[in-house]
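A.B. asks: One structure follows; several queries about it will come next.
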Amino acid sequence: MLSLAQEDCHEHIIELENISFSYRDQQVISDLNFAAKERDFVGVIGSNGAGKTTLLRMIVGLLPVENGDIRLFGQSIRKFKDWERIGYVPQKNTFNPLFPATVREVVLSGLYNNKNLFRRVSKSQQRQCDDALEVMRIQEIANKRIGELSGGQQQRAFLARALINHPDLLILDEPTVGIDAETQAGFFELITHMHAHHHMTFLMVSHDMDMIEGYLGKTPKQKNGKIQFYVRHSHEIQNCEEQNLQHSLT
Amino acid sequence: MIVDILFSDFFGRALAGGVLIGITAPLIGIFLVLRRLSMIGDTLAHVTIAGVALGFLINLYPLAAGLVFAVLASFAIEKLRKAYKSYAELSIAIIMSGGVALASLFFTLGMGYNTDVMSYLFGSIYTLDSTDLMVVGGVTVVVIVVISLFFKEFFLLSFEEDAASVSGLPVRMLNMLLTVLTALVISTAIKIVGALLVSALLTIPVAISLLIARSFKSSVIFAVVISEIAVVIGLVIAGIWNLAPGATIVLLLIAMLILTMVGKRKFSS
């Protein structure tokens with residue numbers, strides 16, 4: 001009764017169904033099942049080689065799903081087209097630091113998707129960019145080259161790019177790698193604030209146990225080096241669950 | 001005498017062809033350089049020479065034969081790049097050696113036209129005829145239209161290919177489009193600077209603009225302006241002192257690069 005009421009209240013955002021993946025005859029992921037709902041914060045941990053990056057690349061469509069299925073917003077990834085609903089923050093080292101792009105150009109690129117092909121950047125999109133820069137408090141460095149920024153500023157720029165479309169799902173791949181402890185703490189605070197105040201589901205891949213523990217409030221355990229999921233519902237979700245519980249009892 | 005040369009028909013055609021290539025080469029070059037594919041220019045130029053040689057052999061318009069060869073080679077490079085993902089440069093080496101092998105095979109089959117082929121190896125902008133000019137003009141229009149239509153998509157593709165995929169952009173189609181445009185530009189540019197120097201026109205203006213530009217948009221504008229300055233001044237210098245035009249343009253570009261590097265170092269110290 002309770003679970004049915006919960007499903008009515010919160011949409012499933014990510015569902016992994018019997019996911020397996022092999023690379024050159026070596027099983028990397030085997031029979032993985034998981035589901036995350038609206039506004040969940042999901043920490044994905046696992047030792048090196050556990051298949052975290054492989055799983056993430058499958059979820060964002062960079063690797064084909066060969067065995068099992070991934071559903072995003074209830075739709076099989078094989079037919080999924082609404083990529084603008086997903087914000088993606090890659091690992092810090094995936095871009096060329098000498099690339100001649102300003103922070104503004106990078107943030108605006110979050111709007112370049114299959115639905116905006118051929119279209120010029122409009123004034124309202126420029127305003128969206130200004131808003132994203134303001135939320136991340138990086139408007140002063142909007143015209144600086146992305147490669148000239150510190151690691152923390154670059155992460156904020158990539159977060160702004162991921163947020164410009166107001167995504168329903170934000171995926172973060174090892175967001176604190178290569179960033180000093182102080183900047184990590186600031187970034188963590190920012191993520192915490194966003195989870196509490198924005199209507200978004202978070203999926204964060206990290207090998208940083210302390211970070212996951214700090215946010216999820218429980219000690220993660222790694223079982224045989226396999227992928228583990230740790231989920232925290234937002235405060236509002238807990239309220240909703242209480243409402244559902246009351247509703248189901250009456 | 002000098003004025004006669006500068007106002008002659010052949011010089012006018014050379015200048016028009018040079019100005020057009022001066023736009024398209026850096027426009028494509030910036031995406032190649034930023035995607036670490038600078039050597040693709042050399043590879044396609046060598047394959048184009050094989051096509052040009054075949055064109056002479058079977059009595060076909062050489063630039064058209066070269067263009068077909070370059071486009072086919074660009075498809076082959078894309079295929080090989082996928083097969084050897086971690087060794088992308090391998091595809092370039094394989095296709096380049098294949099192009100040189102085919103070209104030398106066609107050379108030996110048609111000994112009589114070696115001097116004509118030489119004009120494509122080192123460039124012979126003064127021999128541009130009205131058909132060549134129309135082909136160069138057509139390619140310029142295609143390149144400008146496609147780059148304008150997909151400018152923001154090509155930016156994201158070059159900045160972070162994974163992000164472009166996650167955004168749902170048709171990455172495979174965009175990659176193919178860029179490779180075909182590269183083939184078109186190179187096969188037409190070899191008549192201007194020659195196959196051996198074509199990658200200089202694609203990469204050096206971009207190398208200079210990367211030193212001075214802050215944004216992506218300004219990098220593109222700087223690269224085109226620098227390329228035009230080198231082409232126009234290079235052609236005039238070559239015309240006045242009777243020098244090889246392609247070589248003069250390339251050496252001028254290298255001089256501009258050195259000056260920019262020195263100037264930047266002095267300015268920042």
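Each Cβ is built from the backbone N, Cα and C atoms, and glycine gets one as well.
Relevant sequence annotations retrieved from TrEMBL are reproduced here:
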- B:12-34: transmembrane segment (TRANSMEM)
- B:46-75: transmembrane segment (TRANSMEM)
- B:87-113: transmembrane segment (TRANSMEM)
- B:133-151: transmembrane segment (TRANSMEM)
- B:163-186: transmembrane segment (TRANSMEM)
- B:192-213: transmembrane segment (TRANSMEM)
- B:220-241: transmembrane segment (TRANSMEM)
- B:247-263: transmembrane segment (TRANSMEM)
A.B. asks: Ranking B:12-34, B:87-113, B:133-151, B:220-241 by the number of C-beta pairs under 8 Å to the transmembrane segment (B:247-263), which range is first?
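C.D. replies: Out of the listed stretches, B:220-241 contacts the transmembrane segment (B:247-263) most.
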A.B. asks: If you count every Cβ pair below 8 Å, which range out of B:12-34, B:46-75, B:87-113, B:163-186 shares the most with the transmembrane segment (B:220-241)?
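C.D. replies: Most Cβ pairs under 8 Å with the transmembrane segment (B:220-241) come from B:12-34.
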A.B. asks: With Cβ-Cβ distances below 8 Å as the criterion, list the same-chain residues six or more beyond the ends of the transmembrane segment (B:12-34) that contact it, or say none.
C.D. replies: 40-41, 125-126, 128-130, 132-133, 136-137, 139-140, 143-144, 147, 154, 157-159, 178, 181-182, 185, 188-189, 191-193, 198, 201-203, 205-207, 209-210, 219-220, 223-224, 226-228, 230-232, 234-235, 245, 249
